[in-house]
Every structure is written in C-alpha cells, then in structure tokens.
Amino acid sequence: MRRSLALVVRAMLGTIAGAVLVVFLPVAFGVMPERFFDAGCSTGRALGTEMGCYRFMWNTITVGVFIGIVGPLIGVFLVHREMSLIGETLAHTAFAGVAFGTLLFAASGWDARLLLVALAAAVVGALGVQALARRTGSYGDVPIAIVLTGSFALGTLFIDVGGGFAFVDINSYLFGNISITDERSVTLMATLSLLVVAVVALSYKQFLFITFDERAARVARAPVSAYNTLLIVLTALVIVGAMQILGVILVAAMLVVPVACASLIAGSFRETVYTAIVVGELSVLVGIVLSWTFALRPGATIVVIAIGLYLVAALRTDRAGDVSGTH
C-alpha cells in the first residue's frame, strides 16, 4: 500500500473511532441529549435533506456504522481461511429464527425479541456446522451446504405454518428496511459490536496464528477447535445484527466484499483490517444516504456500493491481494 493511502486510511479510521465514541455509542444507549438531534435536523435541512430529522434514521445510521466495523473485522479472518460461505449459511439460519420468532410473538417488524431468537438460531447453526464437520469428517462445503439449505427450508415451513404472515412484510427480512430499526435493536447491536471487538482484540494473535497456519497451531497445542467455534459464533453475532439493514439475502456481503477490496490494495494483514473497515463504512453510509434519497432497498444499495469500490480497486491494481507478509 502506498504511504499516502495508508495515511488516509488511518486518518479515516481515527475519524470513525472518534465518531463512534462521541456520537454513535451515546445514540445507541439512549444518552445523547435531545439538542444533538435538533442540531442534526437543522444541519440536514441546510443541506437540503430531512434525513437527520427522523429518529429511526439515526437508529439506522448507528446500526450501519457498527456493521461497517464488525462485518469486515470478522470477515477478514473468514476470507483468508476460505470460509466466506459461512456468513451466508448463518444468515439463512437466522432467517429460520426470525420466521419462528414472528410465529411465536406475532411480531410485525424488527424488535429485540426477534433479534434474540434469530441470534439463538444463528448460534445453534454455527455450532451445528462445527458438530457436523467433526462428526462426519466432512470439512469444507458439505456441512455448510446442509445447514444453509436446511435452515432456509425450515424458515419457509414456519412461514407456511403462520399462514404466510400476512401482517408482515417478508421482504423487509429478506432485503432489509431502514424504517423498522427500534431503539432496543440499536442497543443490542451496539452491545454485540462491543463484545465482538473486545473478543477479537483479546484473541487477535491466536486468530492470526490459526488463520495462516492451522497445522502449526495444532502442533503447538493451541485450542484450535475452540477458536474455530468462537470465530463462527462471533460471525453469528455479526450476521444477526446486520440483518436489520442488509436483510438475509445480502448480509454476508459485508463480511466478504470490503475484505476482498482491501486485500487488493493493502500490504499487510493489519492494513487489510484497517482498509476493510474504512471500505465497509463508506459502503454503509453512502448506501444509506442513497437508499433514503432515491427510495431504494438499503441492503442492495450498500452491497452495490461495496462491489463498486471493489471493482475500482481491481481495475487500479495489477496484483492479487497478498496480505500474508507483515501481520
């Protein structure tokens, strides 16, 4: 990575960290003074938009900011371990949880209860993938494919049992919706994000060792299975939180696309992590603004922006991302 670009990435990362501490954590935990939202509304109107005048948009942006951090943070380990499809699998498992939660609570939109049921389902799915792999010795795509298709089939059956959930917009669950994120869901997403960041920070060296040389880690008697399970459970946490905006169909993209983009321009694994988070934040924030302005699906808009950034990076580089050198 060129030094100038590395400096820009680090500056943007510092800005993101500052915004999270000063703005988005207080919004998520309900301690932001009301005058902040009044100022946000006034500023938005001066710029020709009413977006800052709606509390649900602040909720959506806050959730999006956390997604932009934890998605690439977990995705960088999955991508370099060739486990990209695990995100898609856990998203479909969480969908089964959402369908069951909707049937159980007669819920008509995202709320904390549905997220908790989806979280439980995703964790069960994550552990199921690990259990199938160990029990059958079928590592790789087989356990992932079984859990993915089985979960989606189960979710479909729950929808049938519920009579199609006439009172629910199923598309909101499949493709995301910026208008149905409530305060409790934002708090839950912030809590999950803090947990994910803390665990990755504490386990970074172990994850890095296992990611690049799992065989050596086993020889060194590192608890590889435990860390593999932990990584998949963390993935489940990220997936469930991100489903609110991105939806089931597209949520896995935030684990993969920013990392793929960063891998093309970064010179080390750590730079890949930093760059992927910046790409994730740009995709989320620009996508949310465009989806509001042009009445588009937020998940689809965010993913298209992320893929656009990836294509720009691919066109401007003549190498495949090699991040295995400096960690």
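Yeah, the Cβs are placed from backbone N, Cα and C, and that goes for glycine too.
Feature list (source: TrEMBL):
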type	residues	note
TRANSMEM	7-29	transmembrane segment
TRANSMEM	56-78	transmembrane segment
TRANSMEM	90-108	transmembrane segment
TRANSMEM	114-133	transmembrane segment
TRANSMEM	145-168	transmembrane segment
TRANSMEM	188-212	transmembrane segment
TRANSMEM	224-242	transmembrane segment
TRANSMEM	248-266	transmembrane segment
TRANSMEM	273-292	transmembrane segment
TRANSMEM	298-315	transmembrane segment
Residue numbers, six or more beyond the limits of the transmembrane segment (7-29), whose CB comes under 8 Å of its CB atoms: 1, 36, 58-59, 61-62, 65-66, 68-69, 186-187, 189-190, 271, 274-275, 277-278, 281
Contact between the transmembrane segment (298-315) and the transmembrane segment (248-266) (3 or more Cβ pairs under 8 Å, separation 6+): yes
Non-local residues, at least 6 beyond the ends, that sit with Cβ under 8 Å of the transmembrane segment (248-266): 1, 5, 67-68, 71-72, 74-76, 78-79, 84-85, 87-88, 91-92, 94-95, 98, 173-176, 235, 238-239, 242, 272-280, 283-284, 299-300, 302-303, 306-307, 309-310, 313-314, 316-317, 319-321, 323
Closest-packing stretch to the transmembrane segment (273-292), where packing means Cβ pairs under 8 Å, from 56-78, 90-108, 114-133, 188-212, 224-242: 56-78
Which of 56-78, 188-212, 224-242 contacts the transmembrane segment (114-133) most, counting Cβ pairs under 8 Å: 224-242
Contact set, same chain, for the transmembrane segment (188-212): CB under 8 Å, 6 or more residues outside the stretch: 24-25, 28-29, 62-63, 66-67, 69-70, 73-74, 77, 80-81, 112, 115-116, 220, 222, 224, 227-228, 230-231, 234, 237-238, 240-241, 244, 269, 324, 327
